[in-house]
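Okay, so here's the structure we're looking at.
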Amino acid sequence: MVNILPFHKNNRHSAGVVTCADDVSGDGSGGDTKKEEDVVQVTESPSSGSRNNHRSDNEKDDAIRMEKISKNQSASSNGTIREDLIMDVDLEKSPSVDGDSEPHKLKQGLQSRHVQLIALGGAIGTGLLVGTSSTLHTCGPAGLFISYIIISAVIYPIMCALGEMVCFLPGDGSDSAGSTANLVTRYVDPSLGFATGWNYFYCYVILVAAECTAASGVVEYWTTAVPKGVWITIFLCVVVILNFSAVKVYGESEFWFASIKILCIVGLIILSFILFWGGGPNHDRLGFRYWQHPGAFAHHLTGGSLGNFTDIYTGIIKGAFAFILGPELVCMTSAECADQRRNIAKASRRFVWRLIFFYVLGTLAISVIVPYNDPTLVNALAQGKPGAGSSPFVIGIQNAGIKVLPHIINGCILTSAWSAANAFMFASTRSLLTMAQTGQAPKCLGRINKWGVPYVAVGVSFLCSCLAYLNVSSSTADVFNWFSNISTISGFLGWMCGCIAYLRFRKAIFYNGLYDRLPFKTWGQPYTVWFSLIVIGIITITNGYAIFIPKYWRVADFIAAYITLPIFLVLWFGHKLYTRTWRQWWLPVSEIDVTTGLVEIEEKSREIEEMRLPPTGFKDKFLDALL
C-alpha cells in the first residue's frame with residue numbers, strides 16, 4: 001500500500017513523504033506474515049520537520065486515546081463510540097518542541113445529536129413563522145407554495161456541495177475549515193475568499209440584529225409597557241453569554257431551542273391539516289377554498305400568466321430570507337464536532353427533510369388556512385404588528401375559533417428568534433476567526449481561550465450587532481425589512497461563491513485522482529450546482545426588478561436591493577489591488593490544495609470507524625438512525 005503525505009499547494013512535485021507498507025512474506029502454508037514499512041524522503045516540505053519532531057507526542061496521544069476508549073467502550077449503551085472521549089483527548093494541549101504550550105484550538109464539543117438538531121432547526125427563525133405573512137399577502141397561496149419549492153430545489157445542491165467539501169477536509173480544530181470563505185480561499189482565490197468572508201460577516205451580524213429586533217417585537221404581543229431597547233439589551237446579552245461559553249454550551253442550547261421549534265412547526269402543520277378537514281371548533285371544512293376564492297395568485301403587479309410568474313418570482317426573492325445560513329451553519333460546525341466526517345455527512349443528507357417538511361409542507365399549511373386578503377392579515381402588515389400578531393399560522397388559528405393557542409405560538413416564535421440570533425452570532429464569530437487565521441482580518445480576532453472560544457471575535461460581533469438599537473426609533477417592520485433585504489442578497493452572493501468553490505474543488509479532485517477517496521458523494525453533481533449557481537445569479541441581479549416600475553420606485557428600496565453588490569465588488573477588487581494579484585483571478589488547478597491534512601483525517605476517521613460497534617436493539621438502532 002502506498003500513502004502519499006500532503007504536499008505544498010504551490011508545487012505538485014514537492015510532496016513530502018512516501019510510505020510503502022504491507023509487504024507480506026511467509027511460508028507456503030500461509031503462516032506468519034511480516035509487515036515492513038520503508039519511509040523514503042523524496043523532497044522535504046517545510047512542515048515535514050515539524051511532523052517528525054512531534055511524532056513521539058502524537059504517538060503518546062494516540063496511545064492515551066486508545067486506552068481511554070477501550071476502557072469506556074462498555075459504557076456505551078447504544079453500540080457507538082463515546083464522542084466525548086474523542087473530543088476530550090484529541091484537542092488536549094501538548095507541549096511544543098521548545099517547551100511552550102501550543103496555541104489554544106477550537107474544542108470539538110458538538111456531538112451527533114447537536115449537529116443533527118442544528119441542521120434541522122438551527123437557522124429557522126422568524127422568516128418562516130412570521131415573514132411568510134408578507135409573501136402570502138403579496139404573492140397569494142400558490143405563489144408562496146411554489147416559490148418555496150423552487151428555493152428548496154436550489155438550496156439542496158448547495159448543501160450537498162458544501163457537505164462534500166467539508167467532509168473531505170473538515171479541519172482539525174485549529175481553524176474553522178467549514179466556513180464558505182475558507183473554502184473559497186482554498187479552492188478559488190484568496191481575494192474572492194476575502195470578499196466572501198467579510199460579506200458573510202456583515203450578513204451574520206445584520207441577521208443577529210434582525211432577529212433581536214424581531215424578538216423585541218414578539219414580546220410586544222403581550223405588553224408594550226417595557227421599552228424596546230430593554231428587550232433588545234436582554235436578548236443580545238443572553239446571546240453573547242451563550243457564545244462566550246464553551247461550544248458544548250452553545251450546542252446544548254441550540255439542541256433544545258431547535259427541539260422547541262421543530263415541535264412547534266410539526267404541531268402547526270398537524271393542526272392545519274385538522275382545520276383543512278374541518279376539525280376546528282367551528283367545524284368549517286377549509287380544503288383548498290382560499291386557492292379558489294380569492295384565488296391562487298394575488299397578481300400584485302399585473303394580471304394573467306405574467307402576473308402568475310411575477311408572483312412566484314417575488315415569492316422567491318421574499319422567501320429566500322427564511323433559508324439564509326441554513327447550509328452554512330451545518331458546515332461551520334465541522335471543526336467543532338466529534339466524528340466529523342460521519343456527522344456532517346449525516347446532517348447534509350438529512351437537510352432535504354428539513355426543506356420538505358418545514359418549508360414546503362409549512363407553506364402549504366399556511367396557504368390553506370389563511371386567504372391572502374384576510375382583513376386581519378392586511379391590517380397586521382399595515383400596522384407592523386409584531387410576533388404572533390402577524391403570523392399567518394396564528395391568524396388562521398384565530399379564524400378557526402381557537403383562543404389560547406396563539407399565546408403559546410408567540411412563545412415559540414420568541415424562542416425561534418432568540419435561537420436564530422444565537423446561531424447567527426456563532427456563525428459571525430467563526431467567520432471572523434477564519435479570516436484572522438488566513439490573514440484576511442487582524443490577527444487579534446483569531447485569539448482563542450482555553451475553553452475553545454474565539455473571545456475577541458465574539459466581542460466584535462456583539463458590538464456590530466448593536467445595530468438592533470436602530471429599532472428603538474423606527475417601527476419593527478421597517479427595520480426588519482431593511483435588515484432582511486440586505487442580508488438576503490449577501491446570502492445569495494455567499495451561495496454563488498460556495499458553488500464556484502465546489503466546481504473548482506471538483507476539478508482539483510479529478511486532477512489529483514482523489515475522487516474515489518471522497519467520503520461523501522451526492523447525486524447529480526456538478527450539474528445540480530450549475531443549476532443553483534445560474535438561478536441564484538439571475539435572482540441576485542434582478543432581485544429589485546419591481547422598483548423599476550415607475551409607480552413602485554423608491555430610493556430606499558433600490559439601495560436595499562443593490563447596495564450589497566458594489567460593497568462586495570469593492571472588497572474583491574480592492575484586495576486584488578492591495579495584494580497585486582490582479583493578473584490571476586483564480587488558482588490554477590495544479591495549485592489548488594486538496595491534500596494538506598488528508599492523510600491525517602483519513603487515518604483518524606478509520607480509527608474511529610474501527611472502534612465503532614454496531615447498534616443493538618430497536619431503541620439503539622432508532623436513535624442511531626435519528627441522531
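Any Cβ shown, glycine's included, is placed from N, Cα and C.
Taken from Swiss-Prot, the feature region 'Disordered' covers 19-77.
The compositional bias 'Polar residues' feature in Swiss-Prot is assigned to 42-51.
What Swiss-Prot records for 54-70 is compositional bias 'Basic and acidic residues'.
The N-linked glycosylation site annotation in Swiss-Prot covers Asn72 (among others) and is backed by sequence analysis.
The N-linked glycosylation site annotation in Swiss-Prot covers Asn78 (among others).
Positions annotated as transmembrane segment by Swiss-Prot: 115-136 (among others).
Per Swiss-Prot, the feature transmembrane segment maps to 142-162 (among others).
Annotation comment: Swiss-Prot describes 191-210 (among others) as transmembrane segment. Same-chain neighbours of the transmembrane segment (191-210): 179-182, 184-185, 236, 239, 324-325, 328, 420-421, 424-425, 427-428, 431-432, 434-435, 438, 440-441, 461, 464-468, 470, 479-480, 483-484, 486-487, 490-491, 493-494, 497, 500, 564, 567-569, 571-573, 575-576, 579, 581, 586, counting only residues six or more beyond its ends whose CB sits under 8 Å from a CB of the stretch.
Look at Swiss-Prot and you will find 229-247 (among others) tagged as transmembrane segment.
Note on the transmembrane segment (262-281): residues 117, 120-121, 124, 128-129, 287, 357-358, 361-362, 365-366, 368-369, 393, 396-397, 400-402, 405, 409, 412, 416 of its chain, located 6 or more positions outside it, place their CB under 8 angstroms from a CB of the stretch. Feature annotation from Swiss-Prot assigns transmembrane segment to 262-281 (among others).
Positions annotated as transmembrane segment by Swiss-Prot: 306-326 (among others). Long-range contacts of the transmembrane segment (306-326) within the same chain: residues 122-125, 127-128, 131-132, 134-135, 138-140, 142-144, 146-148, 150-152, 155, 159, 203-204, 207, 297-300, 351, 354, 359, 363, 423-424, 427, 484, 487-488, 491-492, 539, 543, 545-546, each at least 6 residues beyond the stretch ends and with a Cβ under 8 Å from a Cβ of the stretch.
Residues or ranges marked as transmembrane segment by Swiss-Prot on the basis of sequence analysis: 351-370 (among others).
Taken from Swiss-Prot, the feature transmembrane segment applies to 408-427 (among others), supported by sequence analysis.
The transmembrane segment annotation in Swiss-Prot covers 455-473 (among others) and is backed by sequence analysis.
Summarising the annotation, Swiss-Prot assigns transmembrane segment to 483-503 (among others).
Residues 150, 154-158, 160-161, 163-164, 316-317, 320, 348, 489, 492-493, 495-496, 499-500, 502-503, 506, 565 of the same chain sit 6 or more residues outside the transmembrane segment (522-542) yet have a Cβ under 8 Å from a Cβ within it. What Swiss-Prot lists as transmembrane segment is 522-542 (among others).
Tertiary proximity for the transmembrane segment (351-370) is limited to same-chain residues at least six positions away from its ends with a CB under 8 Å from its CB atoms, namely 119-121, 124, 128, 132, 136, 141-142, 144-145, 148-149, 151-152, 155-156, 159, 163, 262, 265-266, 268-269, 272-273, 275-276, 286-291, 319, 322-323, 326-327, 330, 377, 392-393, 395-397, 399-400. Beyond the transmembrane segment (408-427), the same-chain residues lying 6 or more positions past its ends with a Cβ under 8 Å from any Cβ of the stretch are 118, 121-126, 129-130, 200, 204-205, 207-208, 211-212, 214-215, 218-219, 221-222, 235-236, 238-240, 242-243, 250, 253-254, 257-258, 260-261, 264, 268, 325, 328-329, 332, 387-388, 391, 393-394, 397, 458, 461-462, 465.
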